[in-house]
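Here the structure is laid out as structure tokens; the discussion comes afterwards.
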């Protein structure tokens, strides 16, 4: 009966996973369709963006599943469940591990092959609309560079020695032999782990740039709201009248046939461009003012404020926990050579205190960890949307509703894939022992009596009684990557605080901020009108 109940629970879990997968696909389709340009949309780029975004969200959702499975194998008294014998637990561990490897392999495929190929294909299509074969060849030529980088990372990961021989008099041949033995024993999985860790470092830089800013900008934008469309329209009308009067004054200089000076001609051209932009703003503001969506947003304004307050609380909880965790590593870890890894917690943080309390009521702890993961992803989206896509100081693309180019969407999805890889380590930094062992407990014998202890509290030397999540094993294969993540966490905290100060000092956003620019064509007005009527 217990075996049947366990099988029923697992079946229910798979059904819920299927529904979550369907919800993720629907969300990705709506998100991509919302932001992509109607005039420049292509089937292949749309499918690629939806697929890559779905892979990012599914990979981020695997961490709570991993924690749940290792916790589900044990009773609250610290003993294993009847069905969770050595073989069954091993099968579950392998299934989760293969799930990680499958999704990470798909991410490698997307980052190094599929997304670059589609991106360069459409870059060539804009320049040469004629020969499709030539476009494919050129795209493959540029993509070959990404494939070469992937191959180099796999080779380095395959042969980098994790265990250096202690014998000082070992020959070069013995060292080479050791490398091949390690490669054979790991079946090439270490190579994949090294490649993913390399991408995770890039994802760390993206998280520092976009996620840290998004965590401060998103809540404060929800709390402050946007300016009134009617007020902005009134100001815009005054600006139009002022520009028209200035134009009339300049044009009056040439009524008697005298030519305008070069300075007046430049001013006239600038004012005409300014007038076109103001008239486009007038059309958009009029559409927004009459739309049902604006009325609906005004009706749920109190709910937005509540969500904003909730998000800022989560962000502060996130940042304080990350600071205390990093401080703990700085004070009590073995240092740089060990990757600042610690097995226990000497300085507790709010998240580590909260999770054991929530474990008493199933499934509150899993809801919290899932909320943090999803919050991390959605704030990353908000940061990319607000900042645009940059290469150092050069702005490459803007992310705008209904006007985003296919190449920008592909860049957005690639950045999210890289950020998702860094998410697991960020969550581990917030609650290291919970990510390692979930809510497992174990037995300790003291004077012939058994005490049930929680892994988040005491006795790190007794951890061998419990099952470690596959996420943890994946995170700490290479100490130098762990050291890089440690310093990245400090940079993340600094950027978040700077972004919080900047967001507090900024005023309300325009109701059409980023949707009307000087370089837009009049044809682009039709794309935004879809959302306002």
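In case you wondered, yes, glycine gets a Cβ from its N, Cα and C as well.
Record features (TrEMBL):
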COILED    261-288  coiled coil
TRANSMEM  12-32  transmembrane segment
TRANSMEM  44-63  transmembrane segment
TRANSMEM  101-122  transmembrane segment
TRANSMEM  142-162  transmembrane segment
TRANSMEM  189-213  transmembrane segment
TRANSMEM  305-324  transmembrane segment
TRANSMEM  366-396  transmembrane segment
TRANSMEM  408-430  transmembrane segment
TRANSMEM  479-502  transmembrane segment
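When each of the listed stretches 44-63, 189-213, 408-430 is scored by C-beta pairs under 8 angstroms to the transmembrane segment (305-324), 408-430 comes out highest. Against the transmembrane segment (44-63), stretch 408-430 has more CB pairs under 8 A than any other of 101-122, 189-213, 408-430. Away from its own ends, the transmembrane segment (189-213) comes close to residues 101, 104-105, 107-108, 111, 150, 153-158, 160, 162, 182-183, 376, 379-380, 383-384, 386-387, 390, 415, 417-423, 425-426, 474, 477-478, 481, 484-485, 488, 491-493, 495-496, 499 of its chain (Cβ-Cβ under 8 Å, at least six residues beyond either end).
This prediction places the mean pLDDT of the coiled coil (261-288) at 83.
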